[in-house]
Structure formats: structure tokens, C-alpha cells
Ligand code: F6P
């Protein structure tokens, strides 16, 4: 193998740049030519592919976002789009690909690899932490800390006004960000898609807030089956029927995707990038390079996106105990 390419796709996540840097430098260290594909599958279809050098990835390890840019491509879902992408890679002599992204990225990579046979290894880049085969995904730690900082600030004003806040965090169908930021932020309740929350329990607890407890925080994962934070707040407010209680909603949104990556995400991105290139050189394909128990683990794309990654039972137990 002489030429490899790297791209980032789907929702960006802090630490993707560290991962790109690691892929480029590991590739060069191992004697390969490395190419960057811009805007994910869109750029692959449009032939937006450029040679990368060691200096191309200087001064990026500390930056959020992705220098390769990202996109969610509809065209890549069509056979014609994928054929065009293959032609472009062939024209550049690309013999291996590192795909940095989440479940959508790996779904595309799996189909593409099976259709055209270009060896592909993935790196888990998403704030959602919803990929099986790695303890953490690149960007999750930063997103949790961003959400936590916001929750702390909201707690200040919530306490000053004796208010009840419903704070919505990202995570698509997964509650990892909600659980970890909720525990760290001392939330009274954490609502996640993986477990059903008894709204009557929330109502009962908020109705009887202790006299000396001036604020309440309910962290809601965006994918919760009861609806978004606004809907849930309304349901609870309607049930509580207490005009003295003041309810507010804050949706944290895309601030959770930005910002300088934490040390953890820089290290994880760098490790996964190195492991992906080494995997390609060793003949691996159709799999993701993740880190479990501090070791590199290669997991087939099919399992990464198909197998459920459960929330940590201890975390759920903690939430229950600490919210009394
Ligand atoms: O997958 C990452 C993520 O930030 C999810 O948490 C969220 O549901 C989604 O992407 C938002 O996507 P977009 O940036 O396209 O609105």
C-alpha cells in the first residue's frame, strides 16, 4: 500500500483534527503518501482531494471542528454517486481509506467497501458516544464538559430565582451526554431514550422540592421518547398546576459540538488515527479502530453501527441515589 486518503464526515466533533493529524503523520512516518478528502463523501464524489504533508496538519491539534470540513451527503446514498466517488479515488491511486465519523459515516463506508473493495478503517468521531467497539468516541468528553459548564451556569441563575430548568442536550438517540453531564451537574432528573422516565415521579418530586432547595435541573436527552425539553416541561407544568413555580427551558444545541478538544479527546483522536493507519497497513478493512480498556480494538463496521452500546448501569444507579 502506497497511497491512503482520510476524510471526516457527518456531525463534526472536537478531536477530529487531532485524529486527522495523527493519520497524516502516521502515514508519512510509515512511508505512505497521504491525501485529504474535503467535505466527506461530497468531496469524494466531486474529486476534492489534495495531497497532505506533515506541515498540512501543523497547529490543528488544539482546534475544534475539522480542517477537512464535513458534510452529510445524499448523493453518496445513490449507486451513481458511489461509482463517481470510486472513479475519483482510482484516478488518485488511493489504495486505503481512513473514515472519521459516526454511524452514518460507517454505514456509507461499509457499503462502499463492499461494492468497490478499497480497504477502509474507521475512527469513531462523534459527540454522541453511540458506537459499539470503543469505550468513548472522539469529541464526547469535550461535549460533556461543554454541557456541564452550561449546566453550572444555569444552576447559578436557577438558584437565584428559585426556578426549575429543563435543559436539553444532544446525543441523537443516545443518552450518554445527558447522563454524564447530568451527574456532574447535580441534576435532579436525567431523561434519556434508553430508559423510560415516570413523569409522575418527576412531578411528585418537583412539587415537593425541599424548602431549603432553591433550584431544580432536569437534563433531557434530545431523543427522549416523551418529547423535547419544551414538550416535557409543558407536560410537567400542566400536571404540577402550581402558579408559584417558575419553569424555564434551555436547549444547548450546537455549542456542544464546538470548542477546543479536551486532553482526553486529543489523545483518543491521536491514538485512533495511528491505529487506523496501522490497521490498513496490516491488511484490515471494513472495521473501526477504537480504544477499549486502553487497548486498540478493531470492530467490524456492522457491529459498530448494529450492536447496542448500553449506558453504564452504575451511572444510572448514581442518578437515582443522588437525586433524593
Ligand atoms: O451526531 C452528532 C449530532 O450532534 C447529534 O447529537 C445531533 O442530533 C445531530 O448531530 C445534529 O445534526 P446537525 O448538525 O446536522 O443538525
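Just so you know, glycine gets a Cβ as well, placed from its N, Cα and C.
Together with 72, 73, 102, 103, 104, 105, the ATP site in TrEMBL holds one more listed residue from 11, 15, 171, 175, which is 11. Cβ neighbour count for residue 11 (ATP binding site) (all protein chains, 10 Å cutoff from its Cβ): 22. Other than the site residues 11, 72, 73, 102, 103, 104, 105, same-chain residues with C-beta atoms no more than 8 angstroms from the centre of those residues' C-beta atoms, the ATP site, are 9, 10, 40, 101, 107, 108, 126. When the alpha carbons of residue 21 (ADP binding site) and residue 255 (substrate binding site) are compared, the span between them is 23 angstrom. Separating the Cα atoms of residue 103 (ATP binding site) and residue 126 (substrate binding site) is a whole-number distance of 9 Å.
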